[in-house]
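Presented below is the structure to which this report refers.
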Amino acid sequence: MIVIKDAHFLTSSNNLSQCPASLTSEMVILGRSNVGKSTFINTLLGKNLAKSSATPGKTRLANFFSTTWEDKENALTTTFNVIDLPGFGYAKVSKSLKKEWEGFLWELLSVRVSIKLFIHLIDARHLDLEIDKNAKENIQALLRPDQAYLSLFTKFDKLNKNEQHRLFLNAPKPFLINTIHFNALSSKYPTLEIVRQTLLKYLLTNPL
């Protein structure tokens with residue numbers, strides 16, 4: 001069983017000089033505006049740390065959280081940072097501001113050696129959006145041998161049973177389906193525990 005022993009806010013940053021020192025492995029969580037990043041982070045960590053914005057595209061900071069995970073089965077306790085990046089793909093953000101943040105976003109992803117896992121949240125109802133395809137291509141182009149990319153589908157509970165089954169069978173791997181808030185869980189779909197185990201496995205594969 002994976003238990004989140006501690007989770008707290010570290011800092012917010014809009015440039016590399018404001019980012020905390022790279023002292024521990026980190027996972028990046030990114031996705032389109034309103035894909036459910038804040039909800040996912042808060043549920044994953046068991047604490048209301050990430051704030052949801054009522055206005056898509058409003059969040060313009062990279063938020064850093066320190067987390068301590070305990071794997072009770074293997075008697076292992078380890079600390080990771082979670083980085084919540086600004087949502088992308090919202091058309092009403094001014095072009096100059098959007099360009100500025102995309103520059104910081106990709107600069108952060110390309111130079112920060114402590115990043116070990118990219119978690120790309122994708123709305124399960126909209127699997128073929130060009131912005132998500134481009135984001136995936138950009139991330140995978142940046143990947144070092146000690147890094148991993150993982151798709152995680154949100155809004156799974158908005159699909160009917162046939163759509164859920166089809167997504168589970170056909171989604172490109174590696175992927176997870178966020179069923180944390182799904183009431184009628186089937187044993188074949190991930191639970192919160194399986195999501196945590198999977199992320200911990202990725203992070204421990206290539207420690208800092």
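From the backbone N, Cα and C atoms, a Cβ is placed for every residue, glycine too.
Here Swiss-Prot flags 31-38, 57-61, 84-87, 154-157, 182-184 as GTP binding site, drawing on sequence analysis. Summarising the annotation, Swiss-Prot assigns Mg(2+) binding site to SER38, THR59. The domain 'EngB-type G' annotation in Swiss-Prot covers 23-205, and the record cites sequence analysis as its basis.
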Enter the number of other CB atoms within 10 angstroms of the CB of LYS155 (GTP binding site).
17
Across the domain 'EngB-type G' (23-205), average pLDDT on the 0 to 100 scale:
81
Can you tell me how far the Cα of LYS155 (GTP binding site) sits from the Cα of SER38 (Mg(2+) binding site), in Å?
13
Which has the fewest other Cβ atoms within 10 Å: GLY31, ASN34, SER38, LEU61, the binding-site residues listed?
LEU61
Pop the Cα-Cα gap between SER38 (Mg(2+) binding site) and PRO86 (GTP binding site) into the table, whole Å please.
11
Count of other CB atoms lying within 10 Å of the CB belonging to LYS37 (GTP binding site)
25
So PRO86 (GTP binding site), by the Cβ count within 10 Å over all chains shown, scores 23
When DSSP is mapped onto helix/strand/coil, what comes out for GLY31 (GTP binding site)?
strand
